[in-house]
Every structure is written in C-alpha cells, then in structure tokens.
Amino acid sequence: MLYRRILPGGDEGSGVTKQAYSTTILPAALLLGLSIIFGNKAFLYLNVPSIQMIKTSSPAVVLFVSWLFKLSRPGIRVLVRFALLVIGGTITSAGDAHFNIVGATYQVSAIFTHAVRLNLIQLFVKSSESQMHPLRFLHYLTPPGALLTGLAAYVFEPSAFSVHNLVKVRVYHLILNAALAFTVNISMFFLVCVQILVLKTVG
C-alpha cells in the first residue's frame with residue numbers, strides 16, 4: 001500500500017495493539033463519523049451565521065472535556081474567560097432570527113463529539129505506544145468513520161443514492177473536498193501533538 005512505501009518504517013509493524021485500537025482509535029473514528037453527521041444535519045435547520053455563532057463555544061467545550069480526561073488542569077481565570085465566551089455565544093445564538101432548537105441541538109452534539117475525539121487523539125499521542133506518522137494514523141482512523149457516515153446516509157437518505165444524483169455530482173467537487181478534508185485532518189494531528197486547544201482557537 002501507498003503508506004507503506006512513503007512512511008518511515010512502513011513495512012514494519014504498526015505498533016498499535018488491539019487494546020489501543022479498540023479503546024482509542026476506533027472510538028475516535030466513530031466520533032469522527034458522528035460529528036460529521038450531526039454537523040451536516042445542523043445545516044438543514046440553521047444558516048451559516050447561526051452555526052458559526054454556536055461554534056464560538058467550541059474551545060470551551062474542548063477545554064472542559066480535556067479536564068474530564070485529565071489532560072489539563074482547570075484554572076479559575078481560564079474558567080471565567082471561557083464561561084463568558086459560552087454565555088456570549090449562547091445569548092447571540094438565541095437572539096438570532098433564524099435560531100432553531102433542533103438545529104442547535106445537532107450543532108452542539110457535533111461540537112461535543114468533536115471535542116471528545118480531539119481529546120482521545122491527544123491521549124493516544126501522549127501514550128508511549130503511539131509513535132506513528134500522521135498518515136498512518138489517518139489510515140486507521142478514517143475507514144470506520146467513513147463506514148459509519150455512509151451507513152447513516154444510506155439509512156436516512158436512501159434517495160440520495162440514486163444514479164441521477166450520482167451523475168450530478170461533479171468530480172472536481174469531490175476531489176477538492178477530499179483534498180481539504182485531508183489537509184484539515186493532517187493539520188489537526190500535528191496541532192494535537194502540541195495542544196488541542198490551539199486547533200479550536202485558530203479554527
């Protein structure tokens with residue numbers, strides 16, 4: 001396979017135990033699929049500005065989950081700052097003329113699942129058995145997430161799998177989306193190696 005040729009040590013064992021895969025990588029992959037599903041469903045009920053306003057609370061959620069995972073220590077100053085951030089985002093979103101409680105629930109669920117996924121990845125990166133290249137990590141992470149997303153689309157949106165809709169999809173749109181998703185996931189892995197809060201703050 002391609003990653004075996006371009007990655008250092010690609011022909012050797014991956015170093016990923018069954019326990020690490022079942023307790024960290026697989027849950028992170030499933031959370032990846034859930035965050036995509038919830039995030040896409042939110043667009044059916046909310047417009048882009050409303051979604052972006054709700055997303056302002058993402059850093060606070062990531063930080064809160066990192067406290068639960070004991071990856072960082074809570075501090076009063078940081079807690080107050082992020083509490084103000086969440087309160088401000090909540091007030092702004094609730095005052096939006098296009099606010100929809102169903103869409104907001106989907107978006108909050110997407111944020112929470114994404115936050116848990118980021119912390120699981122950081123937990124894996126910090127473990128002694130996770131010395132692997134980011135491309136190899138994506139090799140393990142993306143297939144279960146893609147499978148979950150595909151199954152959900154097939155169950156809840158079966159009409160979208162018609163030949164007519166498949167013909168309408170432009171190839172360059174798929175290539176561009178795939179390239180952007182690949183870039184985001186690679187950057188996420190490198191930033192997680194530093195601090196997951198950096199990723200949510202800058203993006």
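Quick reminder: no glycine exception, Cβ is built from N, Cα and C everywhere.
What TrEMBL records for this protein:
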type: TRANSMEM; residues: 20-38; note: transmembrane segment
type: TRANSMEM; residues: 50-69; note: transmembrane segment
type: TRANSMEM; residues: 78-95; note: transmembrane segment
type: TRANSMEM; residues: 101-125; note: transmembrane segment
type: TRANSMEM; residues: 137-156; note: transmembrane segment
type: TRANSMEM; residues: 176-199; note: transmembrane segment
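Below 8 angstroms of C-beta separation, residues 106-107, 109-110, 113-114, 116-117, 120-121, 123-124, 127, 129-130, 137, 140-149, 152 of the same chain, each at least six residues beyond the ends of the transmembrane segment (20-38), sit close to that stretch. Tertiary neighbourhood of the transmembrane segment (137-156): same-chain residues 3, 14, 16, 21, 25-26, 28-30, 32-34, 36-37, 182, 185-186, 189, selected by CB-CB distance under 8 Å and a gap of 6+ residues from either end.
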